[in-house]
């Protein structure tokens, strides 16, 4: 999310807060390189998440884990659908109305889905910890209902948090080239935007602590299991359990860099504490780490495949059916060559 305090004077210059110095910035990276990178994510994410959604809607919601994964794939698909608007807007290929749409709707939706994904990764982490410590416990109907209610509550909370950001982005642009979404926000819209920024930071850091604590406990439990079964026939099962660490890998690759880069970047926008070169570096770091948050939509399918047995079995069954169907069709088309040979 962009901080209201910053003031960009044109597409290639930006003013350093608290000074009259204009800091030139080369936007070729953000107008060419990042649109290309987002295009790759869009096609890869659309294919993998469409397939994941198709599979998940064939699987019963028989555990909290599957319920949380289903919500995650919906969130990822919504995020992916915002990419084309960002690509066209950043590449300066759309009209001013497109930039207004991005600021008012798709950019808000992007962050809305990001923090939903972060929240569900936190819940999935808790679920995996409970599965590690109590592997034979099954989900009761009351637990499943609780997971569904919690999922609805997360969506409702984030929607109510994000909706004012859409409504309060209601100023008419004075210039066709809108360099910052904050120029379109009302006075209260800027205040609400800042409040939402703080709340989203809290959401991230809460889930960051959940991931750190749960994986510390999971590591401890897996080590105890290793010591107990060392040298026994259960060793292969322990190696399978290591797959659970894919969640923390995705969380740290996608979300941690952005939220650490965001702190000095926000400071550079609101206070004159960095020189021009440092400001530009922080800007590019912020844009790079923001792309990593988008990468989450392409990495989550690996979580589904490695950690969800029902998903993996359904996918393999689908692939086998497709392969056998293709072979059968090929056989029917080819037939027996002797039948086509004239006497």
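A Cβ is built for glycine as well, from the same backbone N, Cα and C atoms used for every other residue.
What Swiss-Prot annotates here:
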BINDING   99, 103, 111, 162-165, 181-185, 193, 197, 262-265, 269, 286  ADP binding site
DISULFID  23-276  disulfide bond
DISULFID  103-181  disulfide bond
CARBOHYD  7  N-linked glycosylation site
CARBOHYD  12  N-linked glycosylation site
MOD_RES   61  phosphoserine
MOD_RES   63  phosphoserine
TOPO_DOM  1-33  topological domain 'Extracellular'
TOPO_DOM  57-67  topological domain 'Cytoplasmic'
TOPO_DOM  89-103  topological domain 'Extracellular'
TOPO_DOM  125-148  topological domain 'Cytoplasmic'
TOPO_DOM  169-191  topological domain 'Extracellular'
TOPO_DOM  214-239  topological domain 'Cytoplasmic'
TOPO_DOM  266-284  topological domain 'Extracellular'
TOPO_DOM  305-343  topological domain 'Cytoplasmic'
TRANSMEM  34-56  transmembrane segment
TRANSMEM  68-88  transmembrane segment
TRANSMEM  104-124  transmembrane segment
TRANSMEM  149-168  transmembrane segment
TRANSMEM  192-213  transmembrane segment
TRANSMEM  240-265  transmembrane segment
TRANSMEM  285-304  transmembrane segment
In Å, rounded, how far does the Cα of residue 276 (disulfide bond) sit from the Cα of residue 263 (ADP binding site)?
17
CB neighbours within 10 A of residue 63 (phosphoserine), counting all protein chains shown, number 19
Is the count of Cβ pairs under 8 Å between the transmembrane segment (285-304) and the transmembrane segment (34-56), pairs 6 or more apart in sequence, 3 or more?
yes
Closest of the recorded positions to residue 162 (ADP binding site), Cα to Cα, picking from 61, 63, 181?
181
For the topological domain 'Cytoplasmic' (125-148), provide the mean pLDDT of the predicted model.
85
Please classify the secondary structure at residue 61 (phosphoserine) using three-state DSSP.
coil
If we take the Cα of residue 103 (disulfide bond) and draw a 10 Å sphere, the recorded positions of 61, 165, 193 inside it are 165
If you run through the topological domain 'Extracellular' (89-103) with DSSP, how many residues end up as helix, strand and coil?
10 helix, 0 strand, 5 coil
Close in space but at least six residues away in sequence, with Cβ under 8 Å from that of residue 165 (ADP binding site), the same-chain residues are 108, 189, 192, 193, 196
When the recorded positions 103, 263 are compared by other Cβ atoms within 10 Å, fewest goes to 263
For the disulfide-bonded residues listed here, 181, 276, which shows the highest count of neighbouring CB atoms within 10 A?
181
Here's one to test understanding: among the recorded positions 61, 63, 99, whose C-alpha is closest in space to the C-alpha of residue 181 (disulfide bond)?
99
Around the Cβ of residue 183 (ADP binding site), the count of other Cβ atoms that are within 10 Å
17
